[in-house]
Amino acid sequence: MAAGFASLAVDQQSPARICKVCGDKIGQKENGEVFVACHVCGFPVCRPCYEYERSEGNQCCPQCNTRYKRLKGSPRIPGDEEDNSDQEDFDDEFQIKNRQNDSDGRQHENVDFNHQQWQPNAQAFSVAGSTAAGKDLEGDKEIYGSEEWKERVEKWKVKQERRGLLSNDNGGNDLPEEDDYLLAEARQPLWRKVPIASSLISPYRIVIVLRFIVLAFFLRFRILTPAYDAYPLWLISVICEVWFAFSWILDQFPKWFPIRRETYLDRLSLRFEREGEPNQLGAVDVFVSTVDPLKEPPIITGNTVLSILAADYPVEKVCCYVSDDGASMLTFDSLAETAEFARRWVPFCKKHNVEPRAPEFYFNEKIDYLKDKVHPSFVKERRAMKREYEEFKVRINALVANAQKKPEEGWVMQDGTPWPGNNTRDHPGMIQVYLGSAGALDVDGKELPRLVYVSREKRPGYQHHKKAGAENALVRVSAVLTNAPFILNLDCDHYINNSKAIREAMCFLMDPQFGKKLCYVQFPQRFDGIDRHDRYANRNVVFFDINMLGLDGLQGPVYVGTGCVFNRQALYGYDPPVSEKRPKMTCDCWPSWCCCCCGGSRKKSKKKGEKKGLLGGPLFSKKKKMMGKNYVKKGSAPVFDLEEIEEGLEGYEELEKSSLMSQKNFEKRFGQSPVFIASTLMENGGLPEGTNSTSLIKEAIHVISCGYEEKTEWGKEIGWIYGSVTEDILTGFKMHCRGWKSVYCVPKRPAFKGSAPINLSDRLHQVLRWALGSVEIFLSRHCPLWYGYGGKLKWLERLAYINTIVYPFTSIPLLAYCTIPAVCLLTGKFIIPTLSNLTSIWFLALFLSIIATGVLELRWSGVSIQDWWRNEQFWVIGGVSAHLFAVFQGLLKVLAGVDTNFTVTAKAAEDTEFGELYLFKWTTLLIPPTTLIILNMVGVVAGVSDAINNGYGSWGPLFGKLFFAFWVILHLYPFLKGLMGRQNRTPTIVVLWSILLASIFSLVWVRIDPFLPKQTGPILKQCGVDC
C-alpha cells in the first residue's frame, strides 16, 4: 500500500511534457503512465494529435517517419491489420457517455473517465480517444437548416462507424447525442503544426551542411593561394568572399526548422460562439494609419476601412481607428462619406458572402462573380451596389478636386467653424466617432462596427516620431474608448482580402495554452497591380514564403509593419506569463535528511520570491514583470485615479497591495492618465463599469496630446519603439527579447492585399528606406549584436535579427566584387591563379552546392524559379544602389547628424496598364548600377579584342573573366530594361554620368596596358644616320 502511494505521488509530480505539434500538455493513459505515440523515437505527441494524424494525416511520426501503430483505445484504420496485435479492445475504444458495462468495477472506472472526457469545463486539448476531426465540420450549425443539420450529423455517425468508433448494435442505444458531437469537436485544438515532409527537408539540411564544408575548404584554398601578379585584386576578392560566406550563414541557418500551420475556424466558432450564450470571441481594435491624402488616395483608404467594417466578425467586437497624421480635412470628409456608404455595403457583403469586401477590388475582379451565388436577387442587388459605389467614388473625387487648392483663409467645416488642422504642424487633437452602437445603423437596421477618426495633437518644438508615434497614440486612444485585448495593424493601402482573417488570428491568440505566450500573429504581405513578370521582385516571395516559414519554426517571424494582430499586453512591455514548473520528484520512503538540501533550496528561493513581491523588482529594470495584472479584479468599480485603483484591490494580501502601490512609476511609465493606467491592468480588455462616453472622449483627447509621452517609457519600452524609420523590426525584436513568441499564419486565401511601387525609382527608394532603418538599428543600443543577451531570445532567432540589420553593409563588398570582373578584363589579370585538378573539384563542388541549395529550397517551399531568380537579381540591383546609399546616409545621420535626402523628380506616366512600370524618375540611386553595366560591357569588349590580338593561347584564361562579367550583367539586366523604358530611350543625365565614369576607367586601362604587344629586350632607337 505504501509503495503504491509512493508511486502515485511520483506520477502526479512528474514534469509535464509538451506536444510538439499543438503545444498542449501530453496527458496520461488510464494506468497513469505518460502517453507515448511513437515507441521508436519517443517524439512527444498528445493523444488528439496522434488520433488526427492516424485518421487524417500521413499516419507517420513527424520525427522518425515511422508508421504509427494502433494503441489501446484507438480506432482501427486501413493498414492496422498488418500489425501483429492480438488485442481486441473494442470496448475500450468506444468512449461514449451512458455506456453499459457488465462489470461494476469496470463501469465505475469508465464513468470516471467519461466524466473527465466530456466535462465542459475540463482543460482543453486533454481529450483522450476523441477522434472527431476538424475537417468533418466545415461550418457551424447556424448555416444549416434543421433537416440538413440532422443529415450532417448522421453522415458523421456513419463515418465514425467506418472508423470503428461507433456500433449499430443494441438498436443504436450507443450513438452519441448531437451535443456530444459538438462538444467533442469544440474541444479539439484550434490549430496544428504541419511540419515539412522529411523527404523534402532532410536533403535540404544535408546539402546545407555539405555546402558549409565545401565553403570552408574553398575559402582555405583562396586564402592560401594568392595571385601574386594581381595581389590587390586577390585581396579584395577574398575579403568579399569571406563576407559573403558570413552573410550566407546568417541568412541560411535560421531557415533550418521551417514549419507551416493549419487553423480550424469551425472549432473556433463551436468553442466561443455557442448558441444561446454570449459571444466569447476576443474584441479587436483595427488601426489604419495615413498621412497625406494626396499621396495616399482617400478612395484607397476608404476601401481599406470598408473591408474592415464588413469583416466576418461580430460587429460589437470590432472597432476601426483611422489615424490622420496630416490633420487633413479631406481625410475627415472622405471618412464621413465612407461611413455613410458602409451602411449599404456591409449588409450586401454579409448577405451574399462576397470576397473581397473592398468594393474597388471586388468590382474589378475578372472572375465569374455568379459562382456559388444562389440568392435570386443577387444580380439585381449587385448592379445597384456597383452603381452606388460609382456614385460614392464621384463624391470622393469631388472632395479630392476641391482639396487641390487651399483657400487663403483656410478650410471651413460645414457648420462654418474653421478646420482645426489648417496648420498641419500646430493643431489640437481631434477625435470623431462614427457608426457603432450609438451611431447610425445599416439599411437593414442592424448595428455596424464603430469607426473612429483620430488626429493627434501637434505643436512646434515636440518630437512626434512619425508613424511609430501615431501608432502609439492609437494604442492609448483605443485603450480608453474600447480597450480590446487584440490589435490589428494595417497600412492604409492594405485591405482585408479574406473576411475571415481576424478569425484565423484568433485560432492562435485565443488558444488557452499557447495564446497567452503570443505577442502577435503575422500574416504575409500580398500585392495587387504588379506586372506579370515582377521585374523588380515587388512581391518579396522568397522572404515571405521561405524566410518567414523558417523563423516560424524558431521563436516566430519578425514584425513587418502591417497585417499583424497584436496581443495588447505585449505592447505594454509586459513579460509573457511563465509556465508553472512542477516541483521535483520526492519520495516519502527516504529519510528527511536526504532531501534537506533540495528542500532547503526550494524554501530559500520561495522566500526570495516573496521579497520581490508582485513586480519583481524596480519598474524600470530591464526585465519587466507583469506589474500585478494577475491580481486586478475583473469588473471592479470605475477606476479614475490611483486611490480608486487601490480601493479596487480590497481583499488581497496586504503584501501584494503594498508591493503594487509602492510602485509610483505607473504614471512615469504609462503617462498621467488614470483611465489608461486602469485599462492596462485589465488583461482581458473591456472598460471599467460606470464610465460614460463624454468623459472617455475627454480622456482620449488628453492621451493624444503632444506632451503626454514626455518622461515616460513610450517608444522606449512600451508600444512601437522609436529610433529607426523601420520601427516594425525594432518593436518585434524587443518583444522577442522579453520571451514572447510570434506565429506566422498563411491562410489559403490571402488575408490582406496591398499595393507596391512597380516603378524602378520608387522601388529603389522603398528599399533605401528599409536599409536606412536597419543601419540606424545597427548603430543604436538595440543592435541585436549586443542587446538583450540576458533575455530569452533564441540564438537562431538572434542570427535572423542580426541578418536584418547587417545586410545593407553587404553592398560595399558586392560593389567591389561586381567591379573586379571589368578590372580583370581591362588589365588582363585575374584573381585566381592557375587551377589544379583538386582545386577545380572544389570550385565545381561549390557551384553545385549553390545550385542544389536553391533547387531544394524551392522544392520544400513551393516558390517558383522565376520568383527566386527575380529575388537574386534585385538583391544585386538593390545592393549596389539603395543599400550602398543607405550605409553612407545612416553613418552621416547617426555619427555626424547630417540628414541627406534623395529627391525624385516625377514625369508623366502613360495611360496604360502598368504604365508606371515604364515611367522614369531621375534619382542618384541609378548611377552606380548603370556605371557597373557599362563598365562590364566595355570590359567584355576589351577582353575579347585582346584575345583576338594575342592569339589562341589567350582564350583559355579569358573564359573565367567573361563568366564573372556576364554574371554581373545578367543580374543587372532588369535594371537595364528599366532604364531603356518602353521606347528604349535613356535620360541624358544617366548617359552622361555613366559614360564619364566608364571612360575614366577605360582611359586608365589604356594608359596601363594597351592593346599593342609589349616589346622585350633592349630598346632600339633610330640613330639618324642613313645606313
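FYI, residue positions are counted from 1 along the chain as it appears here.
Using N, Cα and C of the backbone, Cβ positions are placed for all residues, glycine too.
Record features (TrEMBL):
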{"type": "DOMAIN", "residues": "13-85", "note": "domain 'Cellulose synthase RING-type zinc finger'"}
{"type": "TRANSMEM", "residues": "202-219", "note": "transmembrane segment"}
{"type": "TRANSMEM", "residues": "231-250", "note": "transmembrane segment"}
{"type": "TRANSMEM", "residues": "805-828", "note": "transmembrane segment"}
{"type": "TRANSMEM", "residues": "840-862", "note": "transmembrane segment"}
{"type": "TRANSMEM", "residues": "874-896", "note": "transmembrane segment"}
{"type": "TRANSMEM", "residues": "917-938", "note": "transmembrane segment"}
{"type": "TRANSMEM", "residues": "958-976", "note": "transmembrane segment"}
{"type": "TRANSMEM", "residues": "988-1008", "note": "transmembrane segment"}
Q. Residues of the same chain, at least six outside the transmembrane segment (202-219), with any C-beta under 8 angstroms of its C-beta?
A. 238, 241-242, 245, 248-249, 252-253, 256, 842-843, 845-846, 849-850, 852-853, 856-857, 859-860
**Q.** CB contact flag for the transmembrane segment (874-896) and the transmembrane segment (231-250), at least three pairs under 8 A
**A.** no
**Q.** Across the domain 'Cellulose synthase RING-type zinc finger' (13-85), average pLDDT on the 0 to 100 scale
**A.** 74
Q. By DSSP, what is the split of the domain 'Cellulose synthase RING-type zinc finger' (13-85) into helix, strand and coil residues?
A. 13 helix, 6 strand, 54 coil
